[in-house]
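Feature annotations, reproduced from TrEMBL:
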- C74: active site, proton donor (ACT_SITE)
- C198: active site, proton acceptor (ACT_SITE)
- N13, N65, G75, N76, N170, E188, R189, G199, T200: substrate binding site (BINDING)
Amino acid sequence: MALSFYKYQGTGNDFVMVDNRKLTFPADDEQLVKHLCDRHVGIGADGLILLQDHPDYDFEMVYFNADGRLGSMCGNGARCTVRFARQLGVIEDVACFLAADGEHQASVERDLIQLKMNDVKGVERIGEDYYLNTGSPHYVRFVDNVRDLDVYEEGRAIRYNDRFSAVGTNVNFVQRLSENEIYVRTYERGVEDETLSCGTGVTAAALVTSMEGAQSPVAVKTPGGDLKVLFERSGDVFKYIYLVGPAKLVFTGSVTI
Ligand SMILES: N[C@@H](CCC[C@H](N)C(=O)O)C(=O)O
């Protein structure tokens, strides 16, 4: 069967997008998803996303990690899905959609997609580090020089330690650039490598930076580009969280599956 796909990227976090409104994609085929995301023998991406109809929402986003497994929330992927939905004519400039962690609102503002994230209730301290869930689980460590860090090795050491090896976690390394500006590099669970950007990770990093004195909005640089995180904070409870950044179509194509 011929599969038409669209390749999108949001600050360098890239996704194979499939219009699955007719439910023809074999979503239970883990090996197929893994193959399509493979950068040597497939299309190549950090994840695969199905856009599907839903009776109560504009659409549903079904996200798989590059390892083929069904994933939790993906912030950059969600921003790309909103852009994709607009391209398909499923939405105009605003959307209310369903993802793995529940309902989300989003709006398209020229090049930027503004995505409302779910409230975050509770941030755990682990030594000098932080652990929280922004739709996906994130470990956050502040470092002095993030550009020179071996994110692959240091990220794996945390992701596969006794606490996290079974369920896994994403691992974010954060350098404070100024009071309200940070640089974030992320080791992503399910990709099992550093990606150019991770939306839920950037969100997690911005929220914990506010626990160290930053104010909303926090400007975030990543190896793949710039994002902005807005929020309201009360202790370790965060509401009205918005992730803002670009999402772009890279190319379209068709593969035989
Ligand atoms: N790239 C994503 C994060 C995706 C989730 C992650 N791979 C996991 O398994 O937790 C993002 O932009 O949020």
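Yeah, the Cβs are placed from backbone N, Cα and C, and that goes for glycine too.
Structure coloured by features recorded in TrEMBL.
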residue : record                       : DSSP (3 states)
N13     : substrate binding site       : strand
C74     : active site, proton donor    : coil
N170    : substrate binding site       : strand
R189    : substrate binding site       : coil
C198    : active site, proton acceptor : coil
Which has the fewest other CB atoms in a 10 Å radius around its CB: N13, C198, T200, the listed recorded positions?
T200
Determine, to the nearest whole angstrom, how far the Cα atom of T200 (substrate binding site) is from the Cα atom of C74 (active site, proton donor).
6
Cα-Cα separation of the residue listed as 'active site, proton donor' and N170 (substrate binding site), in Å?
11
Can you tell which of G75, N170, R189 has the most other C-beta atoms within 10 Å, given these are the binding-site residues?
G75
I want the residues beyond N13, N65, G75, N76, N170, E188, R189, G199, T200 whose C-beta is within 8 angstroms of the mean position of the substrate site's C-beta atoms, in chain order.
D46, G47, C74, G77, S136, T186, T195, C198, G201
For the C-alpha pair, I'd like the distance in angstrom between N170 (substrate binding site) and C198 (active site, proton acceptor), rounded off.
9
Would you mind reading off the Cα separation of N13 (substrate binding site) from C198 (active site, proton acceptor), to the nearest angstrom?
7
Separation of alpha carbons, the residue listed as 'active site, proton acceptor' and R189 (substrate binding site) (Å):
11
